[in-house]
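Structure record follows, encoded as structure tokens.
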Amino acid sequence: MVKAVFPGSFDPLTFGHLDVISRSALLFDQVIVAVGINTSKTAMFTTEEKITLISNNTKNLKNVSVLPMPDLTFKFVSSVGADVIVRGIRNVRDYEYERDIAEINHRLGNVDTVLLPSKAVYQDISSSNLKEVAKFGADISHFVPENVIKLIKLKTK
């Protein structure tokens, strides 16, 4: 049985994230979506809100669970007994960044990373950009689920 961890800040959850989760669910026996904190960004949602949003949008995927990740990724992977880390990549910049992080996780935690290229339709989706345009009332329904839109609207009133 191969267990994978898909870590991220998911602030907000996008259709690109959901695509990586659903594709991972087909590839691995168990997928843990690990909700971490990105200290270099200001979060719009709490960890609990993110867990609820992800859980509600993945409830049809029986081999997917969602947990908070209070630690470094390689430590979390070890603590849940996972075999690999999964990351989505949209472009060359993502690849270079993820390759470097994968090397660190391998050296420190002896864990491999599987990189899933984004489908073309999701390559331009950036959580940071979506938060910014949503603050000004732009329609982001092509990029995020409806429950995410509702929560963004509540938070940006």
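Glycine residues also receive a Cβ, built from the backbone N, Cα and C atoms like all the rest.
Listed in Swiss-Prot:
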BINDING   SER9, PHE10, HIS17, GLY88, ILE89, ARG90, GLU98, TYR122, GLN123, ASP124, ILE125, SER126, SER127, SER128  ATP binding site
BINDING   SER9, LYS41, THR73, ARG87  substrate binding site
SITE      HIS17  site 'Transition state stabilizer'
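Same-chain residues at least 6 positions away in sequence with a Cβ under 8 Å from that of SER9 (ATP binding site) are, in sequence order, VAL35, GLY36, ILE37, ASN38, LYS41, ALA43, LYS50, SER127. DSSP assigns GLN123 (ATP binding site) to coil in the three-state reduction, outside any helix or strand. Taking the C-alpha positions, the distance from GLN123 (ATP binding site) to ARG87 (substrate binding site) comes to 14 Å.
Taking all protein chains in view, 17 other C-beta atoms sit within 10 angstroms of the C-beta of GLU98 (ATP binding site). In this entry, substrate is bound by SER9, LYS41, THR73, ARG87, whose most widely separated C-alpha atoms sit 19 angstrom apart. In this view, ILE125 (ATP binding site) is surrounded by 19 other Cβ atoms within 10 Å of its Cβ, with every protein chain counted. Nearest to THR73 (substrate binding site) in space, judged by Cα atoms and limited to the binding-site residues HIS17, ILE89, GLU98, ILE125, is GLU98. Taking a C-beta cut-off of under 8 angstroms and a sequence separation of 6 or more, ARG87 (substrate binding site) has the following same-chain neighbours: PHE6, PRO7, VAL20, GLU98, ILE101, ALA102, THR113, VAL114, LEU115, LEU116.
Residue density at ILE89 (ATP binding site): 18 other Cβ atoms are found within 10 A of its Cβ, drawing on all protein chains shown.
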